[in-house]
């Protein structure tokens, strides 16, 4: 024959009742219908309880928060949790037989007035809601309107200031660009003469020779002769003055620096008229023959 739901087969083939465990304990494995002969008692796992003797397993504890109720007693291994009344703004429906549901549901405007708990909670909510006096409401509205007006006015003034600022800078930039274009156009139409574009080297050389003129070496009797070239005629950018076709040759003393400046100066305009001039080197000095003409008596 077959064993019952609380029996197992022993080693002699007989049906034996499963072991019973006390409160807070359960069998380590299911026992019944001929199986579970080697099961033993063990403690209930967390969130489960067993309040009586038997071979049945531990049961799950109830969670009061899930059913919207206040928890009065916590769950233990030997007892279930105890839930109290419904949470605020919740109520339990009453069945036809007078029994109430375990779960609480929210209170709404459609809740029957017979539910005392909902009526009490709604009255508490209405009592807790503060009423604002009409004068204070008017004052709040006025202050809010003024704040909005001031904010809009500030934004408008800021926008106008930014617009004027950008326009001023744009006009100034356009005027500067126009003047630069006009100057470039004038320079392209009226180029600067090459004679005015002097280099720094030529300017320095001219300054040197203008401040330190060369004195020609002439005989005393020749320097006093009328019609002969004087010292002013030799104050040039080189050791020689401009040559003229009606002058005769006469030696003038020049240094090597004078010849170097004379050969490299671009502003000297009489370089091509030297023609038959000759340079003689005697010792540590150089002599240049410059033609000049002695006027006839």
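Using the three backbone atoms N, Cα and C, a Cβ is placed for every residue, glycine included.
In Swiss-Prot, the feature transmembrane segment is placed on 139-159, out of the ranges 139-159, 160-180, 181-201.
Segment annotation: Swiss-Prot labels region 'Disordered' over residues 272-297 (candidates 246-271, 272-297). Over the topological domain 'Extracellular' (1-138) the predicted model carries a mean pLDDT of 83. A Cβ distance under 8 Å defines the sequence-distant neighbours of the repeat 'TNFR-Cys 3' (85-118), meaning residues of its chain 6+ beyond its ends; these are 67-70, 125.
Proximity of distant same-chain residues to the transmembrane segment (139-159), defined by a Cβ-Cβ separation under 8 Å and at least 6 residues beyond the stretch ends, is recorded for none. Put simply, residue 58 (disulfide bond) is 10 Å from residue 21 (disulfide bond) when counted between their Cα atoms. Separating the Cα atoms of residue 15 (disulfide bond) and residue 118 (disulfide bond) is a whole-number distance of 57 Å. Each of the disulfide-bonded residues 21, 118 was assessed for Cβ neighbours inside 10 Å, and the highest tally belongs to 21.
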